[in-house]
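**Q** Here it is: the structure, laid out below.
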């Protein structure tokens, strides 16, 4: 049998930090209004770095930490909804930037579930026995997608990237997974709608900005996502008590509070960093994982059992249980 494992982690955020007070100077909001409803205090915003630039920093960090050459990589997957361009992909740009000439590379679009979907995909590549090493990165520059006159969305999002090195292993580390999509509810969270514009079509509508039905997304997370997490835990033949940490998409502190109660786990098992990053979509889980390793909460090769769960646009949601 062929198995995959997470052997290294890394993250990167733009230097510019924008606080709630900074936002209050350009829109009708306040630190109290934002933090009491979301838990967010700050977010990193790019001034000149693209999504592929952020992802490249993560890739370089992963290679430096692991001591492997870029030419040893078999694949690079970048989960993002904010690529530099429709083509070439952000992953292709990363491949060129780091000189990973032997790696195939592609982007995966599943919004805030993107890293989970991408990590599952990378695990399948390695478990096939055909590939040995790959990078899975979540990278976003969401600051270019928000309407900065809309306080209901502009205050929520930030820019950043995080990722992991996947390598072949002799023992099983990916214990259970579940992935879902419900396109019938897709209009509750949208971004980057591109209308038809050829000489042979009616002019379509363009909607470049992110739009969200906040209540619908909150209810979706507490209901559908919580249920799927419970089912994934059950399928692994583990209990919630067996999990060392649950790394959930960093959308809202209230979601984490309610999730802990619904799942019957100590709130301390759900670390949070949206206070400093805001919602970074596909980047949120790998950034959180990398910070937990930096802080010593999670130890690489420490045989800890970690649940990761993402949820967002599509609607999409997915959960992985792994040992690290």
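Keep in mind that glycine also has a Cβ here, set from the backbone N, Cα and C atoms.
As listed in Swiss-Prot for this protein:
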ACT_SITE  112  active site
ACT_SITE  249  active site
REGION    250-254  region 'ACP-binding'
ACT_SITE  279  active site
**Q** Just how many other Cβ atoms lie inside 10 Å of the Cβ on residue 279 (active site)?
**A** 23
**Q** Please work out the helix, strand and coil residue numbers for the region 'ACP-binding' (250-254) from the DSSP assignment.
**A** 2 helix, 0 strand, 3 coil
**Q** Please report the three-state DSSP label of residue 279 (active site).
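**A** Its secondary structure by DSSP: strand.
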**Q** Within the chain of residue 112 (active site), which residues six or more apart in sequence place their C-beta under 8 angstroms from its C-beta?
**A** 249, 251, 279, 281, 282, 284, 310, 311, 312, 313, 316
**Q** Measure the Cβ-based neighbour count of residue 249 (active site), defined as the other Cβ atoms within 10 Å of its Cβ.
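**A** Its Cβ has 30 other Cβ atoms within 10 Å.
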